[in-house]
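According to Swiss-Prot, the protein has these features:
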type: SIGNAL; residues: 1-24; note: signal peptide
type: DISULFID; residues: C40-C78; note: disulfide bond
type: DISULFID; residues: C48-C70; note: disulfide bond
type: DISULFID; residues: C56-C75; note: disulfide bond
type: DISULFID; residues: C60-C77; note: disulfide bond
type: DISULFID; residues: C87-C125; note: disulfide bond
type: DISULFID; residues: C95-C117; note: disulfide bond
type: DISULFID; residues: C103-C122; note: disulfide bond
type: DISULFID; residues: C107-C124; note: disulfide bond
Amino acid sequence: MAITKKKLVVYTFTLLFIISYVHCQSTSASSPGFDNGEVCKQFKFNPCERGGDRGCTVFCTRKLFTRGECRDEGCWCCPSFDIGESCQGFKFNPCERGGDRGCTVFCKRKLVTRGECRDEGCWCCPGQV
């Protein structure tokens with residue numbers, strides 16, 4: 001039984017599809033130590049070793065998060081939300097080029113479910129899309 005080109009191509013693409021699907025599945029959970037249930041992100045680089053909470057906050061601000069906090073596991077970057085409206089505006093404004101879709105993509109990278117363009121710029125809001 002010979003392996004034809006067609007079977008080899010199908011097998012290769014199937015294998016690549018399965019590997020990319022398994023590799024790209026992201027999981028998020030509430031990080032320890034944050035009491036309002038917001039989703040935070042930990043990076044491999046740990047600015048807490050040299051800069052403490054201030055270094056962590058500066059690092060997180062450069063990553064377009066609003067705050068950072070040093071925990072036992074390292075530096076955690078979090079979007080903090082206003083209690084009244086539960087949305088947060090960011091300095092970077094993807095609305096100028098991408099509109100609402102660009103803002104939503106930007107917010108999802110910040111682990112927030114939706115984004116909307118307002119006069120002030122891109123606002124990331126938790127909740128249903």
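Easy rule for this one: first residue shown is 1, then count along the chain.
Note: Cβ is positioned from N, Cα and C throughout, glycine not excepted.
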Quick one: pull the CA-CA distance for C48 (disulfide bond) versus C87 (disulfide bond), whole Å only.
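Given the Cα positions, C48 (disulfide bond) is 27 Å from C87 (disulfide bond).
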Near C60 (disulfide bond), how many other Cβ atoms are within 10 Å of its Cβ?
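Result for C60 (disulfide bond): 23 neighbouring Cβ atoms inside 10 Å.
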Could you list the residues of the same chain, at least six apart in sequence, whose Cβ is under 8 A from the Cβ of C77 (disulfide bond)?
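Long-range Cβ contacts: C40, K41, Q42, F43, C56, F59, C60, K63, F65, R67, G68.
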Go through the disulfide-bonded residues C70, C103, C124, C125 and tell me which ones have a CA within 10 A of the CA of C95 (disulfide bond).
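Hits: C103.
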Roughly how many Å separate the Cα of C122 (disulfide bond) from that of C70 (disulfide bond), to the nearest whole number?
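Cα-Cα, rounded: 27 Å.
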Just checking the disulfide-bonded residues C75, C124, C125: which sit within 10 A of C117 (disulfide bond), CA to CA?
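Close disulfide-bonded residues: C124.
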About how far apart, in whole Å, are the alpha carbons (Cα) of C75 (disulfide bond) and C87 (disulfide bond)?
23
Please identify, among the disulfide-bonded residues C70, C78, C103, C107, the one with the smallest Cα-Cα distance to C125 (disulfide bond).
C107
List, in sequence order, those disulfide-bonded residues among C70, C78, C124 whose Cα sits within 10 Å of the Cα of C87 (disulfide bond).
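Neighbours among disulfide-bonded residues, in sequence order: C124.
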For C56 (disulfide bond), just give me the three-state DSSP call.
helix
When the number of other CB atoms within 10 A of each residue's CB is tallied over all shown chains, which of the disulfide-bonded residues C70, C78, C107, C117 has the maximum?
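That would be C107, with the highest Cβ count within 10 Å.
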Ranking the disulfide-bonded residues C56, C75, C87, C103, C124 by other Cβ atoms within 10 Å, which is at the bottom?
C87
